[in-house]
Amino acid sequence: MSKKTDTPDYKPSIYSLTRDELIAWAIEHGEKKFRASQIWDWLYKKRVQSFDEMTNISKDFIALLNENFVVNPLKQRIVQESADGTVKYLFELPDGMLIETVLMRQYYGLSVCVTTQVGCNIGCTFCASGLIKKQRDLNNGEITAQIMLVQKYFDERGQGERVSHIVVMGIGEPFDNYTNVLKFLRTVNDDNGLAIGARHITVSTSGLAHKIREFANEGVQVNLAVSLHAPNNELRSSIMRINRSFPLEKLFAAIEYYIETTNRRVTFEYIMLNGVNDTPENAQELADLTKKIRKLSYVNLIPYNPVSEHDQYSRSPKERVEAFYDVLKKNGVNCVVRQEHGTDIDAACGQLRSNTMKRDRQKAKVGR
């Protein structure tokens, strides 16, 4: 039976250590600082998946590493490849729980969407991620491991492709797992490791205003996206429970603080739900809402991926999206209709995991 705990009882991944933590651990166990640098190089540049592959590390120290850590804690369960090059992965954690990761081919390179929690408690009424409530947070090693396994998938193909961008937009609310997400960001951004540029990394939040303020003061130069999805409190509270705790006034005060502190642009994610939030009046409300920060904000209009459990929602027709877009553009709003990826596979975030868990339960019943 899967353990439902934020402190799982299994050997940690070495990916959970920052470079400084790995150096401290090596010194504590009788090695020199350079030994940690060698291990770091094996992990993130040579991208080995076992300590035994580290040929310049002594057998005794490899035994110590094996005693205390694993390299990658994830097991690949399912891989779905789309005709457009999108790849969706279902990974199994050491405690048997399942998470999703998505690789998207963009014109600028390979972008990976990572998951930060097992399940989600935010409660957006249109989203597949919240079909299963939060079981636990992922530790930063389990988040990093997603990137490493996706990169391994492409390394084995011998095409020389490299993960160049990361979006922290998978299952879960990243700012509800703040400490682990922050360590993950610093690990993948480390110049001595994967060296993924901060401006190639985007973190998305449903709107935890106090965490947006905290994030503004961290000094990390990654991009921030806010899942907005509605232009007024009444509508947003009806489809996003988080708005009852952090209404738009509080959220936008935090966003303004973030922009003033970092001088960085904020992206607003807006899923187009037919007959719900997609009228020209809604578009005008959105334009008015973002007017004060227009120069440093951007709106992503997102086609909805239908979820069978949320059949009260459907995708806005193309003409409604175009009319909405036109109102925004007339008001000087920087906006784009997001390109779709993986429409021929379990495309909605959380859908592959949900469908697999259903099949697993059905098999278990048959086997009784």
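All residue numbers here begin at 1 and follow the chain in the order shown.
The backbone N, Cα and C atoms fix where each Cβ goes, glycine too.
What you see is a predicted model, and the numbers here were worked out from it, not measured in a lab.
S-adenosyl-L-methionine is bound by GLY172, GLU173, SER227, LEU228, HIS229, ASN305 in Swiss-Prot, and the record lists one more residue there from SER204, SER245, SER314, SER316, which is SER204. The recorded positions shown are GLU100, CYS120, CYS124, CYS127; of these, the one with its CA atom nearest the CA of GLU173 (S-adenosyl-L-methionine binding site) is CYS120.
When the CA atoms are compared, the binding-site residues lying within 10 A of CYS120 ([4Fe-4S] cluster binding site) are GLY172, out of the candidates GLY172, SER204, ASN305. Mean pLDDT for the domain 'Radical SAM core' (106-344) in the predicted structure: 95. Residues within less than 8 Å, Cβ to Cβ, of SER204 (S-adenosyl-L-methionine binding site) and separated from it by at least 6 positions along the same chain comprise VAL167, VAL168, MET169, PRO174, LEU224, ALA225, VAL226, SER227, GLU269. Taking GLU100, CYS124, CYS127 as the recorded positions under consideration, the smallest Cα distance to LEU228 (S-adenosyl-L-methionine binding site) is found for CYS124.
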